[in-house]
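Student: One structure, as structure tokens, below. Some questions next.
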Ligand code: APR
């Protein structure tokens, strides 16, 4: 059987890391697409040359021609610009919306059967726009945010408790921005919910609140340190986890920006929710019950995303 084909649209910091991880995990053959000449070709060759030592079998290529992504099983989109210090994700909207248009058209023309994972920010609005521009089925287009946000939350919690990250689960809902909703009640250490751990004296409410805030600001913290761009190792690793679940029909329960139609009181809207990812793409949206405070935070986050979607419609008439 032929290896799966993975098209990476955008060969920058995240795109290059995605290619490297896909190769190391032998997920399939990789095509890196970018408008910048030489960058995708150079990264593809560099990673291919690591193959004999890393011992993977996968072909790597770089291109500026959408025809080369033909028949891709998975497309991961990072094309666009990243944040610099002082910028919010929302500041990227105007530039990256135009990029989503060309990417959506390229995928529709050459890889209409692919499972598409968008990473470009502002994530929730960009994944919506990418779906609109591409016309692909809603269950085949999603955005990577929740896996990353919950990974950050899990990392901070594991450090606080001095336990393995493997035994920490975390739950993050809502948009990928300042309004994201880390759900403490549904986050656990080996099945013990965080509020119980506070009662058990493992941590204090104040420390937990600080960790929740640090999770919300997780992207900005990295931008502040790097100064030249935004995070790329953890975002790439998160998207690879999603791609692997699709390619291997693992049916992992992963939070991502998915099309929600009916659940959570939403009628056809992209926002971060728990999902099941398998061979059918987003096979299920998992609807959990929220208390009043959690619902208020979620509504606030949904409203922030709605504002960005409206801003997109204001910029590009074809989206209205
Ligand atoms: N088509 C294809 N590639 C494009 C296009 C386009 N229209 N416009 C820009 N690119 C490419 C750039 O040439 C660059 O190589 O997208 C790449 C982006 O790479 P980086 O600037 O290194 O950004 P990265 O850190 O990878 O982040 C990409 O993901 O997390 C988000 O906020 C982040 O929106 C940003 C995106």
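Cβ coordinates are placed from backbone N, Cα and C, and glycine is handled just like the others.
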Student: Of 96, 121, 162, which does TrEMBL put in the substrate site with 83, 89, 152?
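Tutor: Answer, per TrEMBL (substrate site with 83, 89, 152), from 96, 121, 162: 121.
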Student: Quick one: of 10, 12, 34, 119, 121, 176, which recorded positions lie within 10 angstroms of residue 89 (substrate binding site), measuring between C-alpha atoms? Sequence order, please.
Tutor: 121, 176
Student: Based on a Cβ-to-ligand 1 distance below 6 Å, what subset of the recorded positions 10, 119, 121, 152, 176 would you report?
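Tutor: The ones that qualify, in sequence order, are 10, 119, 121.
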Student: Taking only C-alpha atoms and a 10 A limit, tell me which of 12, 14, 34, 83, 152 are near residue 176 (active site, proton acceptor). These are the binding-site residues.
Tutor: none
Student: May I ask for the distance between residue 121 (NAD(+) binding site) and residue 152 (substrate binding site), taken between their Cα atoms and rounded to an integer number of Å?
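Tutor: With distance taken Cα to Cα, residue 152 (substrate binding site) is 17 Å from residue 121 (NAD(+) binding site).
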Student: I want the residues beyond 83, 89, 121, 152 whose C-beta is within 8 angstroms of the mean position of the substrate site's C-beta atoms, in chain order.
Tutor: 122, 123, 176, 177, 219, 220, 223, 230, 231
